[in-house]
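Some features that TrEMBL has for this protein:
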type: TRANSMEM; residues: 12-34; note: transmembrane segment
type: BINDING; residues: His27, His70, His113, His158; note: heme binding site
type: TRANSMEM; residues: 54-76; note: transmembrane segment
type: TRANSMEM; residues: 97-115; note: transmembrane segment
type: TRANSMEM; residues: 143-172; note: transmembrane segment
type: TRANSMEM; residues: 184-204; note: transmembrane segment
Amino acid sequence: MKGNSFYSRKIHSLLGVIPLSLFIVEHALTNFAAVEGGPQGFKDAVAFLNGLPLVTFLEIFGIFLPLLFHGVYGLYIAYQSNLNTGQFSYGRNWAFALQRISGVITFIFVFWHVYQTRFQVALGNVTHEQLGSSMHDIANSPFFFTFYVIGVIAATFHFANGMWAFLVSWGITVGPRAQRISSYIWMVVFVIVSAMFLLSLNAFRGDEFKEAAAALDVFTHTAA
Ligand code: HEM
């Protein structure tokens, strides 16, 4: 491996953990406010995040630029790698292939999802207060509901399995026992975080999120 690509790989790996893994957990918790507190709970959670000091700086340097580098360089790695390296046991070989496949699905999902949500706020088509009803329209479209279920499961798998691989490649879980225990822990994290996203997606289907739903017809009327 050339020196250059060694450092790019390390930066890619590190950005996957800080800040992207932190972001996905924070995002699952924010959305879960829709399950626990309904429309008002979700509005409050969004308002809290958007009221943080330096929020634009945090979004650019804590989410969008790391996501762009990790995503684009990740696609390059996925394109280059041989899915069947035979380096690992049968199970790890599968996990290795699924890490790349889930990365590609997550990339497509996040691109479209950000366009449907945050980008519409930036364009002035929707306010932060209307995001709950945007999600209501999205979650009630059979096409987008399926797209979100697949996207959320792919993203959460990519995060949990990526954390497992990170701990191995940075020399933190070294022996087979440590790696086995780590795989159980990340499997549980995968189930919990996926469940939180899926429960919130289901909560957004409720009529209580309907208010001002017409605002986002533009995204869903073709696919609904
Ligand atoms: C049930 C599933 C999900 C729902 C309901 C949801 C909802 C939302 C909403 C409403 C926003 C706009 C936030 C704002 O402007 O304040 C947003 C932004 C975003 N979402 Fe999701 N999301 C889901 C899953 C995911 C997943 C799995 C990822 C993958 C990492 C993701 C990545 C992002 C990103 C990168 C942004 C832009 C960040 C920001 O500036 O706030 N989302 N999401």
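Just so it is clear, glycine is given a Cβ too, placed from its N, Cα and C backbone atoms.
Known features from TrEMBL, placed on the structure.
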residue: His27; record: heme binding site; contacts (Cβ under 8 Å, 6+ apart): none
residue: His70; record: heme binding site; contacts (Cβ under 8 Å, 6+ apart): His12, Leu15, Gly16, Leu20
residue: His113; record: heme binding site; contacts (Cβ under 8 Å, 6+ apart): Tyr148, Gly151
residue: His158; record: heme binding site; contacts (Cβ under 8 Å, 6+ apart): Gln99, Ser102, Gly103, Thr106
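Remark: the transmembrane segment (143-172) contacts the transmembrane segment (12-34), by the rule of 3 or more CB pairs under 8 A. For ligand 1, the neighbouring binding-site residues among His70, His113, His158 are His113, by Cβ distance under 6 Å. Sequence-remote contacts of a segment are chain residues at least 6 beyond its ends whose Cβ falls under 8 Å from one of its Cβ atoms, and for the transmembrane segment (184-204) they are 24-25, 28-29, 31-32, 34-35, 38, 132, 135-136, 138-139, 145, 148-149, 152-153, 156-157, 159-161, 163-164. Spanning the listed heme site, residues His27, His70, His113, His158 have a farthest Cα to Cα distance of 18 Å.
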